[in-house]
């Protein structure tokens with residue numbers, strides 16, 4: 001099959017997965033090894049479900065799948081270990097740059113703050129910080145884009161999809177009731 | 001008559017018509033904007049539409065699906081960045097055409113060809129699905145099990161990546177789907193004695209994590225990338241151009257339908273295979289492939305849109321998804337209390353004909369939006385990634401939270417997002433994971449049914465298996481895929497590949 005040269009080898013789709021055919025990327029062996037250990041752990045756990053009690057036991061399929069995972073992970077480890085490291089790539093530059101770590105922390109912080117602070121303040125904070133950091137543009141650009149898009153998202157969610165997000169410190173329900181009353185003429 | 005009425009549901013309900021139109025419009029842009037994929041959009045949407053009725057929810061998703069598969073081609077042509085995975089092959093000849101100043105022609109041809117491909121896919125769906133579903137009523141539990149395994153394996157074997165990693169990903173998906181209390185015996189599986197694990201892992205959290213967050217994290221690598229835009233000229237292609245490429249488009253549409261209908265494999269793989277086919281059969285292209293051959297646009301674009309109709313065939317008749325997006329739609333139908341499979345066609349044929357009607361509508365809208373609105377398009381597509389990435393992340397979190405109003409789903413989603421990010425870097429396909437999660441229950445139930453009916457005897461199981469031609473064929477297919485990974489086969493393949501013209 002014609003194989004287009006994937007951009008940065010980071011796997012845009014299943015048709016062209018990331019990585020290299022004959023080289024390993026930095027950290028790939030570690031990841032493969034981690035998969036192997038995790039698979040073996042899960043296999044042991046699956047054995048604990050019902051052991052070799054019966055072919056139709058609840059543990060049968062879990063044991064079979066984790067066995068498949070362990071065997072395929074072992075093959076991946078063996079294949080990866082034999083391959084030479086790809087030249088010119090480092091973990092810090094190509095696999096896990098600082099910006100990715102920062103964004104994972106942002107996302108964790110978002111999840112952590114969502115309940116106590118509420119959807120609107122947390123999202124506003126997240127969008128402002130994230131857009132400012134990535135775009136490196138002026139504060140007025142950041143604030144306009146962040147708050148404007150948040151408003152659109154919030155309207156779509158609340159009105160079109162009627163999704164309820166944690167209100168937190170913002171009296172959202174009162175806002176909406178206010179507007180409903182206004183549009184319905186108080187009905 | 002009832003069939004016709006069900007088929008026309010979309011047209012007789014202005015609200016549904018509007019939603020399909022809106023979905024297609026949004027889909028064209030979702031597909032076109034690099035970093036936003038259809039799979040991502042549909043998996044996030046499912047969590048927002050679950051409070052809706054099933055018809056409007058499906059209308060919107062079908063619109064996005066159809067529009068999104070097409071939309072990727074535009075950025076592929078104009079910017080040399082495929083907006084969606086299914087447009088990877090389109091960029092190879094589309095961008096050279098644009099550089100020569102033929103961007104308009106290229107867009108026009110892809111639009112019309114996508115429309116033709118889309119219709120062929122839908123036609124095959126409408127004609128074939130009722131037969132397949134009649135046939136599927138005769139399926140034994142073991143056949144479902146084998147089909148599920150086959151679907152998971154196919155992604156790994158038909159793509160350019162490693163099958164072993166595909167198998168690993170599929171098995172991982174099945175294991176994730178097994179987490180929680182077993183529905184039959186109420187035994188705890190993979191719960192690690194944690195109460196939070198007893199209800200299982202929400203498949204929506206897994207999907208949004210893998211397709212939303214991991215993609216957004218991946219895009220952080222390309223924040224500063226800018227693209228050179230090409231000028232657009234006349235769009236609507238001449239009839240003679242269309243007529244000239246009609247024979248090829250029929251062939252590549254057939255490839256698309258078949259690849260789409262195979263469980264697990266979708267438009268992205270179909271497009272690459274069709275491109276290869278076009279290279280083989282086109283003896284004297286006006287321009288060489290890779291330098292702006294029209295055939296190089298026709299093939300992938302017909303194939304990826306005809307794969308849409310194809311992907312619905314196994315989904316509607318067997319409950320086995322044809323690709324990642326239909327896997328998500330199966331999840332959506334489950335949420336709405338419908339159980340896709342042969343019985344759906346018997347109990348609820350209206351649902352099937354409604355989906356066919358919605359696909360036809362979406363295809364027409366796609367043609368309309370494809371040939372208009374280019375000015376608006378070029379503005380929206382240039383939305384900077386520095387704004388887009390945080391928005392995708394925000395939508396992912398909201399989507400994961402909204403289904404069960406649960407923060408733990410958000411943490412799961414983030415976990416799978418980071419995990420999926422590494423999987424992408426190291427060449428593990430993500431499709432099989434989702435397929436595994438969706439098919440886990442089907443596989444488990446059918447295995448147990450099959451083995452209990454054979455009184456727990458493997459000998460009798462295989463005896464029964466080989467006495468049925470269908471089961472035998474399925475088993476042989478599964479075994480063949482495995483054999484294809486042995487060194488002997490790889491050597492044969494490399495010899496063949498070396499011979500084929502590059």
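Here the Cβ of each residue, glycine as well, is placed from N, Cα and C on the backbone.
A TrEMBL annotation is a machine prediction, not a hand-curated record.
The predicted model assigns the domain 'DUF112' (B:17-435) a mean pLDDT of 86. Here TrEMBL flags B:17-435 as domain 'DUF112'.
Taken from TrEMBL, the feature transmembrane segment applies to B:103-132 (among others).
The transmembrane segment annotation in TrEMBL covers B:167-184 (among others).
Residues of the same chain lying 6 or more positions beyond the ends of the transmembrane segment (B:196-214) and with a Cβ under 8 Å from any Cβ of it are 37, 39-40, 43-44, 46-47, 176-177, 179-181, 188, 190, 324, 328, 331, 392-393, 395-396, 399-400, 403-404, 406, 408-410, 412-421, 423-424, 430, 433-434, 437-438. Taken from TrEMBL, the feature transmembrane segment applies to B:196-214 (among others).
Residues 69, 85-90, 92, 117, 120-121, 124, 128, 147-148, 150-155, 158-160, 296, 299-311, 313-314, 318, 320-326, 431-432, 435 of the same chain, all 6+ positions outside the transmembrane segment (B:255-275), place their C-beta atoms under 8 angstroms from a C-beta of that stretch. Among the features that TrEMBL reports, transmembrane segment is placed at B:255-275 (among others).
Here TrEMBL flags B:320-339 (among others) as transmembrane segment.
Summarising the annotation, TrEMBL assigns transmembrane segment to B:351-374 (among others). Counting same-chain residues at least six beyond the ends of the transmembrane segment (B:351-374), those with a Cβ under 8 angstroms from any Cβ of the stretch are 3, 6-11, 16-17, 20-21, 23-25, 27-28, 54-55, 58-59, 62-63, 65-67, 70, 107-108, 110-112, 114-115, 118-119, 122, 125-126, 129, 232, 235-236, 305, 308-309, 312, 316, 338, 344-345.
The transmembrane segment feature in TrEMBL is assigned to B:386-403 (among others). For the transmembrane segment (B:386-403), the list of distant contacts is 33, 35-36, 40, 43-45, 47-48, 50, 202, 204-205, 208-209, 212-213, 215-216, 219-220, 223, 409-410, 412-413, 417: same-chain residues at least six beyond its ends, Cβ to Cβ under 8 Å.
Positions annotated as transmembrane segment by TrEMBL: B:423-443 (among others).
What TrEMBL records for B:464-483 (among others) is transmembrane segment.
Here the transmembrane segment (B:423-443) does not lie next to the transmembrane segment (B:103-132) in space: the count of CB pairs under 8 Å, restricted to residues six or more apart, is fewer than 3.
When Cβ-Cβ distances below 8 Å are used as the criterion, the transmembrane segment (B:464-483) is approached by residues 138-140, 142-143, 146-147, 149-150, 153-154, 157, 163, 454, 489 of the same chain, each at least six residues removed from its ends. Beyond the ends of the transmembrane segment (B:320-339), by six or more residues, the same chain brings 38-39, 42-43, 46, 49-50, 53-54, 57-58, 61, 65, 144, 147-148, 151, 203-204, 207, 211, 260-267, 307, 310-314, 348, 351, 430-431, 434-435, 438-439, 442 to within a C-beta distance below 8 angstroms of the stretch.
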